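*Asks:* Could you have a look at this structure, given as structure tokens, before my questions?
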Amino acid sequence: MKFEDLLLEIGGFGRFQILILFVLCLARINLPMHFLLHSFLAATPSHHCAIPHQEAFVNLTMEEILLISIPREPDGTFRSCEMFSQPQFHLLLNSSLQPENDSVIQNCQHGWVYDHSQFTSTISTQWDLVCEQRGLNQATATFFFIGVTIGAVVFGYLSDRFDTLIWRLFLQGFSFNDKAFTNLPFPGEVLCVPAERCLPLAGMEWVDIEHRTFSGVLTSIFWSIGNMLLALIAYLVREWHWLLVAVTGPCLLSIIYLMTGPNLSRVSCLDLERTAAELFPSFHLSQALRMITTDKKPGESYSYISLFRTPVLRKISLCSGAVFGVAFSYYGMSMKLTGFGLNMYLSQFVFGIIEIPAKMIVYVLVNRIGRRQSQAWSLILTGLCIGANIIIPKSSLVQTMSIAITGKGLSEAAFTTVFLYTSELYPTVLRQNGMGYTSFTARIGGALAPLVFLLDDVWRSLPEVTYCGVAVCCGSVAFLLPETLNQHLSDYCTAFQKLQSIGLQPTKKKTSNKKQSVNCTKKV
């Protein structure tokens, strides 16, 4: 018997699971606002070189001043990063004339003038992170993901070694009195990385096999709701300082979880204790539960190195790490909100709302064709959609937007699947380390995604080609992973089986509609 069977003995999916999912869903809403805030915080509005005042400009309109001071692109728009070294007054007579030579064109010398119709201020307009400094603007998103990457490694290790949410909720409630349990610290839950990774994982580990996919998809849907709310908040708050405050403020709600989360576990603990008392009257539940987690040699510990110690784990770790292309393609598409004929706010909202039907489709597919096929094909099709938009003319806005929306939905489907899939690939004692490792590789993809936009200086379509190639290659690697559909989460044999091995037999056994028998002899 495994942990999922123990959950089935108390009903599998009850009040405690509903309460936990409710809390987790609320916490998930705020997370995408941080991960995608860069799109609005560092947005670059249209701009041109600042033109110093001259006496010769007194009788000229602003349009005429721009005409003689700034060269134009072939489509007629003014260049953003160049200006004439001297006013070209002859252009007033014939604006179609071109400069006689490029020597009269230079980079901006007096700063820039920005269009404030869409944004009151951004970090780009405040610190002039445009033109030659454009790389620093994209690097702000990279710095964020580097911080998340470090957090994924650190908290993945700490969660398993010291302060694992799952087993602390499970064991501490029986080892201490209520007052001591309620006041136990959960510092990791206040931070972004554990909230993004540990809390959804908690929801999945606390439910039975039948509801595991439902739990993963449900919490993921609230990520999409957060995407849509980000569009609304950014539309209402156009100044970047206050936008940052508006997005960060709700993080204080995590304190509510810090205070109430441990209390929720007592609902399930009481049910478990009553069930265990009926099945094994002579054995205390806390001892049984400890057997679940102490099936390892004294002093034995697990680290990230453990993910590569056996051939099976080594293959899983290498292949699951290669699907960093999920985050690479997802954030590459999410941060490109222009060029589709819609303003940034509407594009963000549409990209958010399309994720919800994508998750609904994932809920069906992962239970029909399996996790592996869903993961591989959703990522491959994402890359093909990105590649298709390279071929389609930019003037075909309807086709471009339609394919972009389809690709965004597929990228979210890949992201939803990978979160469910990778959590099922590792045994319990390695699950947080495994999730920390895959989150680490995913954040590397997220950190590289904004920098790829800078490749358009080499070739205009090179960023899209890069996103396409990485998505297709990483999707192909997913075919090498094992299938986990309807499989128990890798775990050690439960205490109940150990009780039977020492001669204690259940006095009664409830029937349950288990989908398959448990094989505790299988080694990872």
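Cβ atoms here come from the backbone N, Cα and C positions, even for glycine.
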*Asks:* Would you mind telling me which of 316-333, 388-405, 460-477 TrEMBL tags as transmembrane segment?
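*Replies:* In TrEMBL, residues 316-333 carry the label transmembrane segment.
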*Asks:* Kindly say whether the transmembrane segment (345-364) and the transmembrane segment (214-236) touch, using the definition of 3 or more Cβ pairs under 8 Å where each pair is 6 or more positions apart.
*Replies:* yes
*Asks:* For the transmembrane segment (316-333), find every same-chain residue at least 6 residues outside the stretch whose CB is under 8 Å from a CB in it, and list them.
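*Replies:* For the transmembrane segment (316-333), the list is 35-36, 307-308, 351, 375, 379, 382-383, 386, 404, 407-408, 411-412, 414-415, 418, 421-422, 425-426, 434, 437-438, 441-446, 448-450, 452, 463, 467, 470-471, 473-475, 477-478, 480-482.
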